[in-house]
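Some notes on the structure that comes next.
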Amino acid sequence: MRWIGIDPGLRITGFGVIDVDGQKLTYVASGTIESGDPAKGLPERLGALYAGVKEVLETYRPEQAAIEEVFLNVNPRSTLMLGQARGAVIAALVSEKLPVAEYSALRVKQAIVGTGRAAKPQVQEMVKRLLRLSRAPGTDASDALGVAICAAHHSQIPKAITSALASKKRSK
């Protein structure tokens, strides 16, 4: 199963693509999509994010998508802008008929590092280790890969429960 994880941002949006085969995670690609010059209008910048995500989807053809949820910022304007960027990204994902899972930053950090209070360098290091990379990707790409890994692990939980219940029934 191929997953794409997205760490949305108005200025820079990170993406990470992984293949999942049972418990095996394989790195495919990661990078960033930039919305362009902040002097450009918001609609143009959102359009650039949408187009950039569509290009990544066409290149890597994921089967599932996951995106980080918006967190409440001290600055309400920043939260609103992030929400709009996230909306442009989600629109690109659903335009390709991808199922989209959403995870909080806390949940992603718990899945990757084991604590929701992990710092970005800790997330980068664990992503590097989990995907057996020679060096850690940049913070935006690492965060996006973390979202994909978190989603892949959470998608395995219902299968594991179903399998355990089926095996319990057979043993009776």
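Here, residue 1 is simply the first one shown, and the rest follow in order.
From the backbone N, Cα and C atoms, a Cβ is placed for every residue, glycine too.
Just so it is clear, the model here is predicted, and its values are computed rather than measured.
Feature annotations, courtesy of Swiss-Prot:
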ACT_SITE  D7  active site
BINDING   D7, D140  Mg(2+) 1 binding site
ACT_SITE  E68  active site
BINDING   E68  Mg(2+) 2 binding site
ACT_SITE  D140  active site
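Everything Swiss-Prot records as a feature, shown here on the structure.
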residue	record	Cβ neighbours (10 Å)
D7	active site	25
E68	active site	25
D140	Mg(2+) 1 binding site	24
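It is 6 Å from the Cα atom of E68 (active site) to that of D7 (active site). Between D140 (Mg(2+) 1 binding site) and D7 (active site), the C-alpha separation comes to 6 Å. According to its DSSP assignment, D140 (Mg(2+) 1 binding site) is helical. The DSSP secondary structure for E68 (active site) is strand.
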